[in-house]
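Here is the structure we will look at, set down as C-alpha cells.
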Amino acid sequence: MAKGEGAEISPSAGLLQPSILKQEDLRPPKRESKERLSVCSKLCYAIGGAPYQITGCALGFFLQIYLLDVVQMDPFYASIILFGGRAWDAITDPMVGFFISKTSWSRLGRLMPWILFSTPFAVTSYFLIWFVPDIATGQVIWYLFFYCTFQTLVTCFHVPYSALTMFISREQSERDSATAYRMTVEVLGTVLGTAIQGQIVGKVDTTCIPDTFLDVNNSSVAMEEVNITHDTDSLTHTRNAYMIAAGVICGIYIICAVILRAGVRERQESSDLQLDEPISFFQGLKLVMNHTAYIKLIAGFLFTSLAFMLLEGNIALFCTYTLGFRNEFQNILLAIMLSATLTVPLWQWFLTRFGKKTAVYVGIPSAIPFLIMVAVLDSNLIVTYAVAVAAGISVAAAFLLPWSMLPDVIDDFNLQHPNSRGHEAIFFSFYVFFTKFASGVSLCISTLSLDFAGYKTRACSQPEKVNFTLKMLVSAAPVILILLGLLLFKLYPIDEEKRRKNKKALQDLREEESNSSSESDSTELANIV
C-alpha cells in the first residue's frame, strides 16, 4: 500500500478502535497457494509465438533455394545475404535486450509495446524480401537491406515475447505449462509456414534447364544463351507465388499480434519495485555471463540447434537434387513439421515425468540413425517420408527443451543474486544471439560449399560433387554437432532434484518478500492512524 493510498483512507480509519485495527487491518493477507493461468491466457500467449516461427520457417527452408533458383543469384552473393542477415539478426538480439532493460513500465507493460509497435513495419519488410525488383544491378543490396531490416523488427517482437514467459506467472509449473502451449503453437507455426510457402509455390511448375544446355566448364555463358530463348512465364508465375505466400503470412503475423495483446496481461514483479538502485545493463550482462549453468546450457543447445539449422537450410535442395523429389520436397518438409507438432505434448509429458535432462538425452539424438539412413540408402520416397516423420519427433524435442530449461536457469540466477532482477531479456536475447550467429556462419559455409562444388542454377540435376556436399550437410555434419552438444549437456548442473530445491527456495523468498511488504504497509497505516 502506498503512502498516498493510506492518506486517502485515514479519516475512516481514525473512526475504528485500535483493537479492531490491530486484529483485522494490520493482519497480513494470506498468500494463495498457487497462482493459476487460465487456458485462454495460455492459448493467447502461445499464439503470440507463431509469427516468429512461421516467418523463420519460410525463410529457413526456402530463402536459399529462392535466391539461387528464382532470383537466379550467384551462390557467392547468396551466401553474403544469408550470412549477413543471420549475423545482423544475431547482433540485434543483445541490442534489443539492452533497450528493453532500459524501458520503463507503461500502461501496456514493459515488453508489450515492443511487440505491438514493431509488427506493421516487420510485415512490410518481410513482404519485400519475396519481391524480385526489376533492376539489373543492386539486387544483393536490396535483399540484404530488407532481410536485415526484417530481422531487426522481428527481434523487437520475439525477444520481449520470449522474456514475457517470466512475467505471465510467478509459478514455475504454470510457466512450464504455458511454455508447452507455446511450443505446440510454435511448431504448428512451422507447419503453417511450410504449408503456406511450400504448397502455394509447389502448385507452380517451374521449368528446370536440361543438362544438355549447360556446359560445366562455361556455365555462365551457357546460362546466358539459354535465358535468351527460354520461356520466362513459369519463372514469373513462381515469383508471383512467392509473393502471394508472403502476403498470407503477413496477414497471420498481424492477427497473432492482436490476439497476444488481447489475451495476455504482463505482470510486474514486486521485487522490481523494491530495487532503489538497479544495476546497469553491462553489470547485469557480466553477472549473466558468469552464471555457470547458463553458459553450459547455451553451449549444449548451440551445437544441437546448429545441427537442425543445417538440416533446415539444405533439406529443400537435398530433396530436389540429391533425392530427385523435385515435386515432393514441400510435402516432405510438411511431414517433418506435422510430426514435430504432434509430438510436442508427448515431450512435455516426458520431461515432466522423467526430467528435462533425460528428455535431452532421449529426444535430440533420436534423429541420428535416420539422418544416417537417408544419406546411406538409395533414393526411395517411402523411406524418405518415414525418415521425415522420425526426424520430426527429434525436432519437437529440440524446439521445446531450450525454452523450458531457460526459466530454470533464470530461477537459479535469481536465487544466487536476489537483489539483481530484471535481466530476463539478457538471458533470452544472448541465447538467441549465439545460436543465430553460429547458424549464419553455418549457412554461409554451406552455400559457399555448394558454389565450390559447382552448383548450377535452375539445372534439372547437379554434379556428383554437389550431391555429395548436400549429403554431408544434411547427414554427417548434423550428427557430429548433435553428439558434441550431448557431451556438453553432461556438464549442465541443474537436474530435477536441484530444480525442485530452487522452486521451493524461490517460493519461500517470495513469501518472505510478501510478508515483509505487508508488515511495512501495516506499520505505515498504524503510523497514519
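Quick reminder: no glycine exception, Cβ is built from N, Cα and C everywhere.
Sequence annotations record features per position, and here TrEMBL assigns transmembrane segment to 43-67 (among others).
Sequence-distant contacts of the transmembrane segment (111-133) (same chain, six or more residues past either end, CB-CB distance under 8 Å): 48, 55, 59, 63, 66, 70-71, 96, 100, 103, 139, 142-143, 146-147, 149-150, 153-154, 156-157, 159-161, 163-164, 167, 239, 242-243, 245-247, 249-250, 253-254, 257, 260-261, 264, 266, 425. According to TrEMBL, the transmembrane segment annotation covers 111-133 (among others).
For the transmembrane segment (140-161), the list of distant contacts is 48-49, 51-52, 55-56, 63, 67, 71, 73, 77, 80-81, 84-86, 88-89, 92-93, 96-97, 100, 110-112, 114-115, 117-119, 121-122, 125-126, 128-129, 133, 257, 260, 425, 428-429, 432: same-chain residues at least six beyond its ends, Cβ to Cβ under 8 Å. According to TrEMBL, the feature transmembrane segment maps to 140-161 (among others).
Among the features that TrEMBL reports, transmembrane segment is placed at 241-260 (among others).
What TrEMBL records for 293-311 (among others) is transmembrane segment.
Long-range neighbours of the transmembrane segment (331-351) within the same chain, counting only residues 6 or more positions beyond its ends whose Cβ lies under 8 Å from a Cβ of the stretch, are 57, 61, 180, 183-184, 187-188, 190-191, 193-195, 198-199, 202, 315-316, 319, 325, 358-359, 362-363, 384-385, 388-393, 395-397, 399-401, 404. Summarising the annotation, TrEMBL assigns transmembrane segment to 331-351 (among others).
A Cβ distance under 8 Å defines the sequence-distant neighbours of the transmembrane segment (358-376), meaning residues of its chain 6+ beyond its ends; these are 300, 304, 311, 347, 350-351, 383-384, 386-387, 390-391, 393-398, 401, 471, 474-476, 478-479, 482-483, 485-486, 489. What TrEMBL records for 358-376 (among others) is transmembrane segment.
Residues 162, 165, 176, 179-180, 182-183, 186-187, 297, 301, 304-305, 308, 311, 319, 323, 325, 332-333, 335-341, 343-344, 346-348, 351, 356, 359-360, 362-367, 370-371, 373-374, 431 of the same chain lie 6 or more positions beyond the ends of the transmembrane segment (382-404) yet place their CB under 8 Å from a CB of it. Taken from TrEMBL, the feature transmembrane segment applies to 382-404 (among others).
Marked as transmembrane segment by TrEMBL: 425-448 (among others).
Positions annotated as transmembrane segment by TrEMBL: 468-492 (among others).
The annotation region 'Disordered' is assigned in TrEMBL to 503-529.
According to TrEMBL, the feature compositional bias 'Basic and acidic residues' maps to 503-513.
Taken from TrEMBL, the feature compositional bias 'Low complexity' applies to 515-529.
Of the candidate ranges 43-67, 241-260, 468-492, 468-492 has the most C-beta pairs within less than 8 angstroms of the transmembrane segment (293-311).
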